[in-house]
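Structure first, commentary second.
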């Protein structure tokens, strides 16, 4: 399987991934990205996310010392929106889309990332995520927490932050994951990702980092080259269900995983990440035992810090494809850790 092309099944999406490990031998003369500017000022008077600065809508940020949450000045979803009605042709259907979009700053300093933040500060981030899940999830059926890190992933501001979008509907990925996990529990008697975490912990073949409460693996069905999946070891439906010990363990494993990413190509590693958990709002009173809380990390890099994986051509028109096996990337990810972690300790971040 390592040397020859084959298909792998993604049970979370009911799709197949084409794995073509031999393609890494081909020469590269395609797009080479510019290396990102390393120097970011701790406080930029022109950065709308920094403490005390004025944002685009004229509001002034407080002089926050920890996390800071505000409503997105340019939201994709708003609480009010027209209902297009039900009298529609099957080829031209529309539905109402309502919600709230928030921005959450992780830290008052612009020159830090989660990988170099102190564990207590990361715990504060996790606590705020859970608080937002309670607040927004009391009404909305889906609350999507996600972070786009790095200009390569479309992030226009280097200040450490994420976004939280609450919607009146289940998005496509949530609906698909809900169906797949529900069917798996029905057919196999155990939550899909709970069983998967146990099997990965036993084999250790794709484990990147682990502790007593959490496991981070390169999933067997990974599409992106250095994609990882973060899983709790016990059955947990939502971020709000985590114990204090599990939050501390989560902060630790996030720091370790992201430090490994940074070490891989000796750069501040770009990625998109997000949490998936059981639906909320009207679904809070329903049986959601098929769900297991998890986080996805999708980094775009392929061969180096300046060569990325493009999802084009075959991926857009046929199916997902990757150029090396998940097992081949687990070892370099697993073995990179100490340099940047020691550097962060020396600089006093964590």
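One is the number of the first residue shown, and numbering goes on along the chain from there.
Glycine is no exception: its Cβ is also placed from the backbone N, Cα and C atoms.
The model shown is predicted, which means the values in this text are computed figures rather than measured ones.
Per TrEMBL, the listed range annotated as region 'Disordered' is 31-57 (candidates: 4-30, 31-57). A distance of 14 Å separates the Cα atom of residue 73 (UDP-alpha-D-glucose binding site) from that of residue 161 (active site, tele-UMP-histidine intermediate). For the pair formed by residue 309 (UDP-alpha-D-glucose binding site) and residue 161 (active site, tele-UMP-histidine intermediate), distance between Cα atoms is given as 24 Å, rounded to the nearest Å. For the domain 'Galactose-1-phosphate uridyl transferase C-terminal' (179-331), the model's average pLDDT works out to 95. Taking the C-alpha positions, the distance from residue 161 (active site, tele-UMP-histidine intermediate) to residue 155 (UDP-alpha-D-glucose binding site) comes to 10 Å.
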